[in-house]
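Listed in TrEMBL:
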type     : residues : note
DOMAIN   : 12-229   : domain 'Heparan-alpha-glucosaminide N-acetyltransferase catalytic'
TRANSMEM : 21-40    : transmembrane segment
TRANSMEM : 52-79    : transmembrane segment
TRANSMEM : 91-112   : transmembrane segment
TRANSMEM : 124-141  : transmembrane segment
TRANSMEM : 148-166  : transmembrane segment
TRANSMEM : 206-228  : transmembrane segment
TRANSMEM : 235-256  : transmembrane segment
TRANSMEM : 262-283  : transmembrane segment
TRANSMEM : 295-317  : transmembrane segment
TRANSMEM : 337-357  : transmembrane segment
Amino acid sequence: MAFDGSAVKPPRLASLDVLRGLTIVGMILVNSAAYLHYVSGYDVFPALMHSAWAGFTLADAVFPAFIFMTGVSIPLATAERGLDVGGLRRLLVRTGRLILLGLLVSNIYWLATPESVLFRPMGVLQRIALAFLAAAVLYRITGPRTRLTLAVGLLLLYWPLCLAPFPGGTADLMAPGSSLVAYADRLVLGAYTYVKGPLGYDPEGLLGTLPAIAQALIGVAAGEWLAARRGARGLAVAGALLLVVGLAWGLAFPVVKDLWTSSYVLVSSGAALLVLAALHEALDIRLWRVPGRDFLTDFGVNAIFAYVLHELASIILTAHMLKIPYDAASPVVGTKAAALIPVVIFIGLVWAVVAYMRRRNWIVKV
């Protein structure tokens, strides 16, 4: 990572920073709620927890939205086309940095107690890195029609891949670990999958990266639309269409985050597109002063830094001082609402850091 103290270079769409910030705040919110639930035994709202398997909650929307936004940023970050050795080297360096950060975040506890925790090679930032690399390379060397064809092809190919039989079993998309996708994780990663056992798998595993690349390519298409300044209506129509197609496809190919199914890609991308369209109309076209804009922008301009910081500092959630307001509020508002208090305080602490950085014009580039 490197600090860039220079001014933010125009043009920079406010909607992108706000949506990126909203996504990061969402990730901190759901990760913190899950941490309190599993580590401290707090009761939390179901929407803040990932679906047990098939389904789609608020928690299931935030990670794919970040991959989508990674794709959106690619056409807006550079007009450079073609890929020479220098350009490829820069993309590989950025990808490598993201993967190294991901390995750090995925293995915090392994670094502290390697004798009791297994190393985990996969993770959130690793998937973002691979999706970014593929989408950035394809943006440089192919046109919009080719990229759309590739995205559709990846999503269609992934369906029979998930349904294919695997050694020692047959596919059952409603049973965790019973797919060729999960088998590939067990075959390559061995004991180092996130979910252990004979049907273990990794929710950020190997073959699931293919539909994640398609999701980043959908983001690239949205970024090109924004760069051409064609308005928000087309984004909204595309978002609604993806949402409807994804839900319909989900009747045959279930919406499952841990498999990153193609229907899940369409539903989550559709939702992200609708939010992006609304923000683009409000912030970039109508120039409205939307409440919370500066707060979310603080997170958005240093999104990766904020994500890594919250992961490294999550132990704060178990501090006794944060348990005091929870205990005091539980009899009044209930345990689920009270569990939000330490989460909101934690988000505020992360915000204090990124807000200070933005005021000083410190942008952490990965």
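Placed from the backbone N, Cα and C atoms, the Cβ positions cover glycine too.
Fair warning: this is a prediction, and the values are worked out from it, not measured in the lab.
Per-stretch counts of Cβ pairs under 8 Å to the transmembrane segment (52-79) identify 206-228 as the leading one among 21-40, 91-112, 206-228, 295-317, 337-357. The largest share of C-beta pairs under 8 angstroms with the transmembrane segment (91-112) comes from 295-317, of the ranges 148-166, 235-256, 295-317. Contact between the transmembrane segment (337-357) and the transmembrane segment (206-228) is absent: fewer than three CB pairs lie under 8 Å, with pairs separated by 6 or more positions in sequence.
Of the two recorded stretches, the transmembrane segment (206-228) does not lie close to the transmembrane segment (21-40), with fewer than three CB pairs under 8 Å once pairs fewer than 6 apart in sequence are set aside. Of the ranges 21-40, 124-141, 148-166, 235-256, 295-317, the one with the most Cβ pairs under 8 Å to the transmembrane segment (262-283) is 235-256.
Tertiary proximity for the transmembrane segment (21-40) is limited to same-chain residues at least six positions away from its ends with a CB under 8 Å from its CB atoms, namely 48-50, 58-59, 61-63, 65-66, 69, 275, 295-301, 303, 306-307, 310-311, 314, 317-318, 323, 339-340, 342-343, 346-347, 350. Distant neighbours of the transmembrane segment (295-317): 1, 8, 14, 16-25, 27-28, 31-32, 35-36, 39-40, 66, 98, 101, 104-105, 108, 124-125, 342-343, 346, 349-351, 353-355, 357-358, 362-364, 366; these residues of the same chain sit at least 6 beyond its ends, with a Cβ under 8 Å from one of its Cβ atoms. In this model, the domain 'Heparan-alpha-glucosaminide N-acetyltransferase catalytic' (12-229) carries an average pLDDT of 95.
Using a Cβ-Cβ cut-off under 8 Å and counting only residues 6 or more beyond its ends in the same chain, the transmembrane segment (235-256) has close neighbours at 51, 53-56, 159, 162, 173-174, 218, 222, 225-226, 262-274, 276-278, 280.
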